[in-house]
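Sequence annotations record features per position, and here TrEMBL assigns transmembrane segment to A:12-35, A:42-60, A:66-86, A:98-121, A:141-167, A:195-218, A:281-300.
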Amino acid sequence: MDIFLQQIINGLVQGSIYALVALGYTMVYGIMGLINFAHGEVVMIGALVSITVTGTLAAAGMPLGLAGLCGLVAAILSCMALGWSLERIAYRPLRGSPRLTPLITAIGMSIVLQNLAMIVWGRNYMTFPPLLPKINFEFAGTHFTLVQVVIVLLSAAMMAGLVFLVYRTKLGMAMRATAQNPAVASLMGVNTNRVIAAAFVVGSALAAVAGVMVGSYYEIAHYQMGFMLGLKAFTAAVLGGIGNLAGAMAGGVLLGIIEALGAGYIGDLTGGFLGSHYQDIFAFVVLIIVLMFKPSGLFGEKTGDRA
Amino acid sequence: MKNWLNPRSTVGIALIAVALIALPFVVGAAGQAWVRILNFAILYVFLALGLNIVVGFAGLLDLGYIAFYAVGAYTWALLASPHFGLHFPVWAILPIGAVLACFFGVLLGSPTLKLRGDYLAIVTLGFGEIVRIFMNNLNSPVNITNGPQGITLIDPVRFGDFSFTGTSQILGLTLGGPQKYYFLLVALAILVIVINVRLQHSRIGRAWQAIREDEIAAKAVGINTRNVKLLAFAMGASFGGIAGGIFAAMQGFVSPESFSLIESIMVLAMVVLGGMGHIPGVILGAVLLTFLPEALRYAVTPVQMALFGKILIDPESLRMLIFGLALVLVMRFKPAGLWPSPERSRELGDKVAEGAK
């Protein structure tokens, strides 16, 4: 039972990170129907920028906590700029082109960003400075750290903020209108280009925070860290029903927990035949099973659009 | 299909044939490495055409296509290497590989029939990853795939005493291993192209295109969309399986690393960049995207030396950076691909109005 609870906690932490990244996918997808494959790379850039800024400031004598905060802000700002430029340079000129064209562009941008990061930061793993003191908590036989607590709380706060933005502000209303029907929304005076850019910027800000979280959780960052994370987060978004905010959050947390439980129990379940190195297949197996029964994800509405 | 036997097309075919025969010798003059790259280009043509059936004809976005390539490659590797001590002949393995890949195609296709568009994309992507993870880990408790080390010493393609590795003299010409494989691959590729062209204009091909354009309408005119979609998966997969078998034989070595997601994405990029659903375009895309990174590999270092006098930027990442930019730029200026089918470029005018959603 202790192991069970422990794995739930680990899964919750990982899942909150997935959820933050999944929100970026789902916002862009919901509004323009595009899988932004480069989103995972935005997470990576966020993590690497925050390492550089934090490291430089801390070396200049700033206290680590403050330097970390500056690093986080720098990461958010640079990722917002990156998200905006991605949309402006790569996707906006392709509005209205065949469906797969922006997908290839997204893949191209993902390759570009990865290799740019490799040129700038090198191909070695970078150690993430310990932003938070290492405090351990014990609860009902489980152990968790301050970093984990902060990750869960901070992602919950960010998600609440996003929900507020989307459902309580004018920009959010414009976003929802554009998602439903861009042509009609623009007739109603919504500047759809600005709304789409805003979705990219907001999604990238969430991604930057997620990047800093992943970095401080695993204490390393790398130019390739974004790809698999982005893939898992996208899986989470689809699991929940892509284009749906609640779905992305639920999908992210669910995926994190399933993975953690799967990794913890697969050995026992299969009599030792399959080991914990099969962890990565859980995400996909669960996805396939869910989609077999609910073809548009757990919370997705039935859509009539075609392939 | 116009009349094949009019004098102009005969001359054209003859010219192409001469060019195809001369190519490996011309390229070989620059080094055997280039002949190998040429062979890979043809292998990718093979793969891209297989994927084109699924994505281009039937409009089903498949991001895990490389899994079938992997199945074919591992089938060959397991049935013709010292790993299990089995040495099956070509005419047995290739069909087994194709049938197995086909089976996996149906296995992937059947649960995903209901899914649309991007949901299908992510499931196929997941399927590809599952296959790769299994290949990476099936070395314990029973060693089947030899895990991340992969399988070595795989038999080459052999017909009786004639092996496709090593040099041999044919008709007074000295042919190296890669050159011999080249001719085998060209022969297979021509077969695949003919099959594809015939398929496209067949009843099934039209059914696929009907499903691509509007699945509900296709169903309404009496197309059994379930079977026809499964057939697209199965046929695409078996092409991948055959290509995989040849790949294993040609390399003499397979490991899960060769079948990562990025490979699936590359093949998809070939199809889309060339011109989805248009066979000449897909061939062009496959050849270009195989040669571009290789050509960049040779160009990047000397150009940097000439410009800056030293190597400023890691050549490997620089070449991939340029490659990524090339993908973005081509899609920016040729959204329907480099060589789209005439119908498609005509349609594109209307799509602009509709495409916002």
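Backbone N, Cα and C define each Cβ position, glycine as well.
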- Would the transmembrane segment (A:42-60) and the transmembrane segment (A:195-218) count as touching if the test is at least 3 Cβ pairs under 8 Å, pairs 6 or more apart? yes
- For the transmembrane segment (A:66-86), the candidate among A:98-121, A:141-167, A:195-218 having the most Cβ pairs under 8 Å is A:195-218
- Message: So, taking each listed stretch (A:98-121, A:195-218, A:281-300) in turn and counting its Cβ pairs to the transmembrane segment (A:12-35) that are under 8 angstroms, which one gives the highest count?
- Response: A:195-218
- Item | Top partner of the transmembrane segment (A:141-167) among A:98-121, A:195-218, A:281-300 - counted as Cβ pairs under 8 Å | A:195-218
- Message: Can you tell me which parts of the same chain pack against the transmembrane segment (A:195-218), counting only residues 6+ beyond its ends and a CB-CB cutoff under 8 A?
- Response: 13, 16-17, 20-21, 23-25, 27-28, 31-32, 36, 39, 42-51, 71-72, 75-76, 78-80, 82-84, 86-88, 92, 128, 130-132, 147-148, 151, 154-155, 158, 162, 165, 171, 174-175, 178, 185, 225-226, 229
